[in-house]
Each structure stands twice: as C-alpha cells, then as structure tokens.
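Engineer: These came from TrEMBL, pasted as-is:
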type	residues	note
REGION	1-105	region 'Disordered'
COMPBIAS	12-23	compositional bias 'Low complexity'
COMPBIAS	35-57	compositional bias 'Low complexity'
COMPBIAS	69-81	compositional bias 'Low complexity'
COMPBIAS	82-100	compositional bias 'Pro residues'
REGION	139-206	region 'Disordered'
COMPBIAS	195-206	compositional bias 'Low complexity'
DOMAIN	313-445	domain 'XS'
REGION	444-467	region 'Disordered'
COMPBIAS	449-467	compositional bias 'Basic and acidic residues'
Amino acid sequence: MKNPNPPHPKHSSSSAAAAAMAPRKSRWGPPPPAGEKGAGAASTSARTPTPTPSTAGDPRRHPPPPGPGARNPAASSAAAFRPPPQPQQQPRVETPPPPSYGFHNLDRRTMLLADGSVRTYFALPPDYPFELTPLPQLPHLPRGAGHEVWPPHHPPPPPQQQQLQLAQHDAKRKHLAEHDEGFHSRHPKQPRFEAAPPQQQQLPPHAAVDRHALRRAFLKYAKMLNESAAQRRSYLEGGRVPCLACGRSSKDFADVHGLVMHAYNPPNVDSFIDHLGLHKALCVLMGWDYTKVPENSKAYQSLLPDLVQASREDLIIWPPTVIIHNTATGRKKDGRAEGLGNKEMDKKISELGFAGGKSKSLYGKEGHLGLTLIKFANSPAGLKEAERLADFLERQDHGRIGWLHARANQSVGSDNSPLLVETDNRTGEKRRILYGYLAISSDMDELDSDSRKRASLKSKREFDPSD
C-alpha cells in the first residue's frame, strides 16, 4: 500500500546554490523579467540600482480603479439584471457674492489715546451705501394653532417650595459634566435630610412702628443721655460709647456713627422700638438729621445750625421749669454763700406779674448756689405761664444768651459788675439782675438730684400730656 503522504523531494546542492545566488525580489519595485531568472539575473541586479519606492507604481498592491464597464467576477449573476443606481441630486447651494468693497474703499483714520499717543486704523466711510439683506420670512402658522405649536405652560411652584429648591440648588456642589439648564441634575447616591435653618425674625418697617411707643422711647433715652454732664460729653466727643438700649459694650462700636447704625438696624424685634428711640435721641444730641437713613457716607450728619438749635430746644423738662440765675446776695461771716430764699423768690415772681410758680433755691456745700428753680403746674396752662416768664426775661436780654455773656465777663468783684448788679436811682439800693430761661434737656445736669429724678422730658411739637 502506497504512502498517501510521500516525503518532499530533496533539493540538490547545485539547485540550493543557484537559489542563494538569485537576487531577492524588492517589496517595492516591479518583479524581474522572465528572461533574467537564474544566474544571469544576479549579475544584472547587481549592476542595476534599486528603484525608488513608489506607491502608485505597484499594480499588485494598489490596483487601478475599475473602469465604467468592468464587472466583478465574484458578484452574483443577478447583479447583471439589476438597474444601475440613479445619481442623487444634491441641493444647489448659492454662494453669496463677494462684497463690493475692498481695501481701496477704506479710509485712514486716527484717534488720540489718553496717554497722548496717536493710533491709526482703517474703516469704511460713514456714508458708504450698504445694501440691506432682507430677513428670511417666518413660517406661516395656521390660525388657532398656538396651543398645538408651542409647549404647554407649567405654573411656577409655590413660594416656599421655590425657596427650598433654590436653597438646595445653591448648596449642591456642581460637577464639570453637569449642566444647570436643560438637563436633570445628578441624583445623589443617598438622600440627605437636613433640618431647615431657623427662620430669622423679620423686623417691621420703620413706618409701621407705633408712634406713641416710639415717642416715649425717644424721650426716655434723651433724658438718659443728658442726666450727667460727663456722660453727655463722652457722646459729644465721639469716642467709644455703649448702647443704652441693649447694653452692648463700648468695645463693639468705634464711634457714635457706629452706634447710630446699630440703633437704626437693631439685631432683634424685641428691642426694635427702643433702638429707634435711641437713634433719634443720639441724632438730636449730636445735631444730626434723624429723618435721613444713616449710611457710611454720613450724609445724615449735615444739618443747618438753626435746625439743630430748634430740635434741642424742643425737648423741655417736665413739669415746666424756669431756671433763674444770679440769686446769690453775698456771704455770711463764716464764709458760706447766702442768697434769695424760696419765699423771697415767690414774692419777686409775683411782683413781675406771673403766678402759679413755686420756687426752689438750690444749696451746696458752700451755701447758696445762686440758682433757683421756678416750677409750674404740669399742664398746658402751666407750660404757657412758664413760656411767658422765659419770654419776658429774653426780651430784656436776660435770657440764656445774656447769662452766658454775663458769666463770661464775671470777675472776682462781681458785686459791682453792671451785668449782675443794678442800683436803684431813688433809694440807692443794689439789686441782683435775674437771668432765666425755660429748662430743656441739656439743662438736666443743673437740677438737683431729687428734681432730676422726678423730672421727665416733653416735646413741644408733639406735646402729649399722657406721656
């Protein structure tokens, strides 16, 4: 039985030598001619240089495209009866014509910069005739197709839900791949339930405050600011001062402006009226306009001197009181000062034609202080009588300004000063010239401790006896 797989025949040594001497075919160049195979081709290949690699010159690796009449032999026979495909018509695109202007149409212009240098640029002339391109027509919509064409309107969520959504959106960390609009945000792996922040108490607007309660708070803090001369001076000097409404330390406010800003914008609702009253009292004390909103520009601190004086003189001490100066008459043998007593002052006031007032002479360690308080009834009639007495002294130039002038010229021998003592031409008796004025808030420190404790303040413009 014959072997179905006979062994390959062995090549002879001569044929192996001839194959080794045969030239190696180039992978880039064309195959060698048929007549040059064998040993003769080796010498020719050695003399001929290797041609340059060419992609287009190798028909085996890059065959040429088939002609229009070429057929694929591997195709089925049914392809011969298939109709040739019709060429698809592409829409004709009209290329816009080039602009009719060119570089020769530009004008050279210059402009002056802020640093003084000049720059040159080119631009079309301002009167160049541009051709306006008509806008494309909008698609025609049938009548009554609005609800079908446009998407339905979704009503906005309730205000509370909208605020909650905004708060959650703001607190969420955004990823680079996420978009805020048009896409749903990525859901967290695990839902987090956070407690809602405590709702801050909304302060009522200034116009909705009870005017009666605000007036009482204003008068209360105006008295507290003027009870002591040292305390009033600390505020007028503009240093660090505490808040009388909430008790905050003076370290929290750099100056009175900071305290005014704090009083106008209080931290809570409970002390809102007290802080507003303190704000007005501070503005009246400092001579600022309390009707303007305090800002960092400090425009509210500009007020005319006449308005400053009017706002300060509007706050009077209640019950109505007239302060009489220069009531001391001399000194006793022990060196203590003596002056007009209560009965003598009541008699003098009655002689001047004013009734209803009760005198109270003030005394100190060295005796009579030369100061007497004339208190009238705490009623509109008592206020009217006190104003009459103050106006009478003012017309004689013996009011507040007259007393400041007389005290400025007061010397050691004041008993002979014509501004303090006058002599009767008939009897030759020396009498003291009385100076007096209606007591206001800034005169609170001139009262004695008992009168200061019992006294209060009233506004003549907003007079209300029930306060």
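In case you wondered, yes, glycine gets a Cβ from its N, Cα and C as well.
TrEMBL labels come from automatic prediction, so no person has curated them.
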Engineer: What residues elsewhere in the chain lie close to the compositional bias 'Basic and acidic residues' (449-467), defined as a C-beta under 8 angstroms and at least 6 residues from its ends?
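Structural biologist: Residues packing against the compositional bias 'Basic and acidic residues' (449-467) from afar: 212, 215-216, 219, 222-223, 227, 314-319, 321, 360, 373, 375, 378-380, 383, 441.
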Engineer: On the 0 to 100 scale, where does the mean pLDDT of the domain 'XS' (313-445) fall?
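Structural biologist: Over the domain 'XS' (313-445), the predicted model scores a mean pLDDT of 90.
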Engineer: Per DSSP, how many helix, strand and coil residues does the domain 'XS' (313-445) have?
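Structural biologist: So the counts come to 44 helix, 43 strand, 46 coil.
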Engineer: How many helix, strand and coil residues does the compositional bias 'Basic and acidic residues' (449-467) contain under DSSP?
Structural biologist: 6 helix, 4 strand, 9 coil
